[in-house]
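Enquirer: Encoded as C-alpha cells, here's the structure I'll be asking about.
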Amino acid sequence: MEVEKENVTAEPSLPASDGQDTISDNASLPHSIQPIIPPVIAPSVVPPLAPIPTIPPPRPLAPLPVRPPVIRPPVPQNGEVRSSDSDSDNDDSNARINQGTGEYEISEESRLVRERQEKAMQELMMKRRAAALAVPTNDMAVRARLRHLGEPITLFGEREMERRDRLRMIMAKLDAEGQLEKLMKAHEDEEAAASAPKDEAEEALQYPFYTEGSKALLDARIYIAKYSLARAALRIQRAQRRRDDPDEDMDAEIDWALRQAGNLSLEFSEIGDDRPLSGCSFSRDGKWLATCSLTGASKLWNMPKIKKHSTLKGHTERATDVAFSPVHDHLATASADRTAKYWNDQGSLLKTFEGHLDRLARIAFHPSGKYLGTASFDKTWRLWDIETGEELLLQEGHSRSVYGLAFHRDGSLAASCGLDSLARVWDLRTGRSILALEGHVKPVLGISFSPNGYHLATGGEDNTCRIWDLRKKKSFYTIPAHSNLISQVKFEPQEGYFFVTASYDMTAKVWSGRDFKPVKTLSGHEAKVTSVDVLGDGGHIVTVSHDRTIKLWSSNTTNEQAMDVD
C-alpha cells in the first residue's frame, strides 16, 4: 500500500506533455461520466553494477632444461675389476655422449668408482712389487736398512714382523717411484758396514744407563760392602754353630721367649704431650725413651719409670718419627717441615738434613750408625751422612709417596714401602732394586727386617701383615692381623723370635716368629696406636697413641705391680 500511495502522489510529477494530452481528452467527455484511470506503477530502477575486470591470461612457463644422459659404468660381477685402461670402451662411451648432448660429463659417483678402481690397481701392483723384493729377515738388519733409508727404525708397539712389512712397503714405494739408486746405496752401505772391522775403542765405549753418583757415595758403598760382609759372616757362623751344637735347643729358646711375650702386661702409662703422639724409640741400652708428637716437639724420658728428662724443640711443623742411633745415645727426628734433625742426648741440635720436597714420614738409622735414611711424600727416600750432613743418595722407584724404611741387620740391604701398595728391597752396595714385593692391595705403612736375615714383615691399610722370604722372593704367610690398618711393624731385635704390630684398632699384637700365631694382644689405648718399639732383650714394649699416652708393657712385672686395664 505504501508503494501505491507513493505511486499516486508521484503522479502529478509526470512530464508536462503527458498531462496536457490527458486534460484535453477529459474535457471532451461529459462531466457526469468520469473514467477510472488505473494507477501507473513506475518500474523500479536498478543501479548498474560495476564492470568485472578481465583476468589476463597466465604467463607461459619456461621450458625445463634437457638433462644430458648419464652413462653409468657397468657394475663388476663375480669379483672382477675392470681396468680403466681400456681405450676402446672409453672412446665408444665418449662418442655416444658427444653425439647425444654435445658435452662430456661424468657424475660424482662414477668418478669415485674410477678412483677406487685405480687405487685398488695401484695397491695390487705395489704388493706385487713388494713380494718380488728381497727383504732381510734378521730384525737387526731390518732396523739397519730402515736407518739407512732415513725412516724410523721402530714405531710404538711395533713387532718384528710388522717392522719387516713396513720396510717391504717402503722399498716397493721407492721402486715404484724410480728411486732405485737410494735403495741400492742403502744396501751397499749395509754390506760395507758388515764387512768393515769393528773399532776396538768403539766397542769399549759404553754409556752408563744410570746417574753417576758422587765420590762420597762411592766411599759410602765401599764402606757398607766391607761392613756388611763382616756382619753377614758373623751371623752365618753363629747360625751354623747353634745348629751343630747339641746343647743348643732352638725350640726351647723360642718357647721361652714366647712365654715371656705372653706375660706382657701394662707397667706404666704416662701422658706424653698435649697433642697426639706419632713416634717412639728405645735407646740401644734401654735407659732412654724418645717420643714425638704433632706439636713438633720431641721428648726424652728416663726408663723404666718414664720420667721426662728434656724436650727437643726445633721443628716448625708436626713431628712424624723419632729414632735412636744404634751405636750411641744420639737420636734423629723427622717432621712435616721437610727436614730431619740430629740431636745429642742433652737436647742439643747437631745437624739438620734438608733436601726433601715434601713432608717426611718414617726414618731409620743404618746399623753402622754412620748413615740416616729418611722416607718422604715426595716419592723418594734419601741416605744422609751423619758426620757431614751431606745427602749421599736420592733414591727413586716408588710411583707414590714413600712411607716406611728399614735396614737389614747386616747393613747391606734397605727396604722401603709406600702408598703404591709396594715394598722394595734395595742393595746399598750397588744401588739396585733387587726385589719388588707385590701382594698388598692397599698402601703399605710398616716394614721391618728379621734378625735371622731372610724374613721381612710388612703391614698396611689392608689390615694384613705379610711375611716375605727373601730367599724365595715371595710372600709365604699372610696374617689377617687387625680390624683396622697396621701403622707399624717391629721385630724383636735380638733373635727375631716374635714381632709386634701396631694398629688403628687401638691395639698392638704380638706374633710368633716361628709359626706366626698370635701370642698376646696389648689393649689399653683409647685411640689409634701410631707407633711401637721393642727393647733389645724383648722384655719391654712401648706404644704411643693418639690418646696422647705412652704405655710401657713389661714381661717382668708381677701381678701385684701390673696396672689394671679397663
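Placement of Cβ uses the backbone N, Cα and C atoms for every residue, glycine included.
TrEMBL feature annotations, pasted as is:
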COMPBIAS  19-31  compositional bias 'Polar residues'
COMPBIAS  36-76  compositional bias 'Pro residues'
DOMAIN    137-190  domain 'Pre-mRNA processing factor 4 (PRP4)-like'
REGION    1-112  region 'Disordered'
REPEAT    312-344  repeat 'WD'
REPEAT    353-394  repeat 'WD'
REPEAT    395-436  repeat 'WD'
REPEAT    437-478  repeat 'WD'
REPEAT    479-521  repeat 'WD'
REPEAT    522-563  repeat 'WD'
Enquirer: Looking only at residues six or more beyond either end of the repeat 'WD' (479-521), which have a C-beta under 8 A from one in the stretch?
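Expert: Answer is 253-254, 257-258, 261-262, 264, 404, 442, 445-452, 455, 457-467, 527-534, 536-538, 541, 543, 545.
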Enquirer: Within the same chain, where does the repeat 'WD' (312-344) have neighbours whose Cβ lies under 8 angstroms from its own Cβ atoms, ignoring anything closer than 6 residues to its ends? I mean 6 or more beyond.
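Expert: The answer is 275, 278-285, 287-288, 290-300, 350-354, 356-365, 367-369, 372, 374, 376, 384, 386, 389, 531.
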Enquirer: What parts of the chain pack near the repeat 'WD' (353-394), using Cβ distances under 8 Å and only residues at least 6 beyond its ends?
Expert: 213-214, 216-217, 220, 223-224, 227, 231, 279, 317, 320-328, 332-342, 400-411, 414, 416, 418, 428, 431
Enquirer: Over the repeat 'WD' (522-563), what is the model's average pLDDT?
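Expert: Mean per-residue confidence for the repeat 'WD' (522-563): 85 out of 100.
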Enquirer: Using DSSP, what's the helix, strand and coil tally for the repeat 'WD' (395-436)?
Expert: 0 helix, 24 strand, 18 coil
Enquirer: Going by DSSP, how much of the repeat 'WD' (312-344) is helix, how much is strand and how much is coil, in residues?
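Expert: Summed over the repeat 'WD' (312-344), the classes give 0 helix, 17 strand, 16 coil.
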Enquirer: Going by DSSP assignments with H, G and I as helix and E and B as strand, what are the residue counts for the repeat 'WD' (353-394)?
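Expert: Breakdown, helix to coil: 0 helix, 23 strand, 19 coil.
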